[in-house]
Amino acid sequence: MKSAPKTFHVKSFGCQMNVYDGERMAELMAANGLTHTDDASAADLVVLNTCHIRERATEKVYSDIGRIRKEARRDHGNDPMIAIAGCVAQAEGAEIVARAKIDIVVGPQAYHNLPALVGQAARGEAALDTDMPVLSKFGQLPARRKVGPSAFLTVQEGCDKFCTYCVVPYTRGAEVSRPFAGIVDEARALVDAGAREITLLGQNVNAWDDGGRGLHDLIADLDRIPGLARIRYTTSHPNDMRDGLIRAHAEVEALMPFLHLPVQSGSSRILKAMNRSHTRDSYLRLLDRVRAARPDIALSGDFIVGFPGETEQDFEDTLSLVAEVGYAQAYSFKYSPRPGTPAADMPDQIAPEIMDERLQRLQAALNRDQQAFNAHTVGRTCDVLIERRGKLPGQMLGKSPWLQSVHLLTDAAIGDIVTVDLTRADPNSMAGVERVAVAA
Ligand code: SAH
Ligand code: SF4
Ligand code: F3S
């Protein structure tokens, strides 16, 4: 039995929705009188907010548990209470307790119950909650108080798409949209707490719907909040990209010219086996429409190489799609068979060496396009939202509308938006020079 914790540390893995959940869990524990510490090994309660998407992500949780326990014992003579939250908690539940002697297991839809679970664990009772009550957590979390200039706001949860490789429909549950009013209230609170930019989050954020009103209607309402300068959204599914949202990219100035639209593969045969329900062609035609609405839009994507049955020709179709699109940035992964998903039992699983080789070729192509995109923006003038201090004296780091990291020398403060000439493309960021307003 462990005594009631006084300090806590939350560590999030995986996607931005987990980052958002991690922030909300931290706010919840602080509202319950616990003090946050940056040092995981010094905390009485460590919350690991986990990701189940690929095998490596899941294994990392178990190695982290071991490392934190060892460091806590060595450096502080401490045996912290450990809570596993997030998608591994949902997928593995009681198995984790058995495998790693965890005190608390709490799923992504149940973390509003964390304080009660901590109380149970402190009394030596089993503390496991992987229920999936629809959206009830949002009504039970404390209000947002202090956030950085760029904040996340989850508006949609879960997924009904059942791509044959993916665990998300099992770990996050069915697709549900948060109601309009609660989102607008939270957005206002975020702006009052310091946000200038809000990124709307959902596993399929563009499927957001409240009584027939779509994401573009929500964006139009958020656009009216004074002080909110920038709106972004992620992740979108090609099949939910409706006309209204495409039009919003032409009409709403605060909606940033950036679209993360995962395609996964450039081969329609593989897309069918993945149950993606879009084809190579329908995806490319969709991007034509997006570009017609917003010619300078920066495109981003996700790719999986080595899906079962992927031939060299299928993979070359992915490379040719990449060349045709010219992504500003992208994420690419080796296929990882996940327990319980249909693809894990498909024939023709691809050998690891072939996956390695394809991933290298794909990443070389994506890097080439990212450099080309960045080079193409040199000479442009744009707004930069200042997010943090750089390493050099007087240097600040921020983001361009196209989500590039920009470094510049400026007197501006965190949260300011400054006009910047982009002067150079470095490997991972852009150099910029602030435009100084000249008095007339
Ligand atoms: N909802 C989003 C993505 C969610 S998961 C969408 O549909 O696009 C984020 C990314 O992880 C996916 O886009 C996919 O590229 C990757 N991914 C998901 N399952 C995977 C698996 N089993 N192996 C490798 N990558 C996977
Ligand atoms: Fe996973 Fe597909 Fe749903 Fe995205 S759309 S979360 S890849 S099942
Ligand atoms: Fe991972 Fe769950 Fe997000 S599996 S990618 S943390 S939805």
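Note that Cβ sites are derived from N, Cα and C of the backbone, with glycine treated the same way.
In TrEMBL this protein carries:
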BINDING   Cys15, Cys51, Cys87  [4Fe-4S] cluster 1 binding site
BINDING   Cys159, Cys163, Cys166  [4Fe-4S] cluster 2 binding site
DOMAIN    6-123  domain 'MTTase N-terminal'
DOMAIN    145-372  domain 'Radical SAM core'
DOMAIN    375-436  domain 'TRAM'
The domain 'MTTase N-terminal' (6-123) - residue tally per DSSP class, helix then strand then coil: 67 helix, 22 strand, 29 coil
Distance [Cα-Cα, Å, rounded] between Cys87 ([4Fe-4S] cluster 1 binding site) and Cys159 ([4Fe-4S] cluster 2 binding site): 13
Residue, out of the binding-site residues Cys15, Cys87, Cys163, Cys166, whose Cβ gathers the largest set of other Cβ atoms within 10 Å: Cys87
Three-state secondary structure, which DSSP defines for Cys166 ([4Fe-4S] cluster 2 binding site): coil
Top Cα neighbour of Cys51 ([4Fe-4S] cluster 1 binding site) in the set of binding-site residues Cys159, Cys163, Cys166: Cys166
DSSP-derived class (H/G/I helix, E/B strand, else coil) of Cys159 ([4Fe-4S] cluster 2 binding site): coil
Distance [Cα-Cα, Å, rounded] between Cys163 ([4Fe-4S] cluster 2 binding site) and Cys15 ([4Fe-4S] cluster 1 binding site): 17
8 Å Cβ shell about Cys15, Cys51, Cys87 centroid, [4Fe-4S] cluster 1 site members excluded: Phe13, Gly14, Met17, Asn18, Thr50, His52, Ile53, Ala57, Gly86, Val168, Thr171
Residues among the binding-site residues Cys51, Cys87, Cys159, Cys163, Cys166 that border ligand 3 - Cβ under 6 angstroms, in sequence order: Cys51, Cys87
Residues among the binding-site residues Cys51, Cys87, Cys166 that border ligand 1 - Cβ under 6 angstroms, in sequence order: Cys166
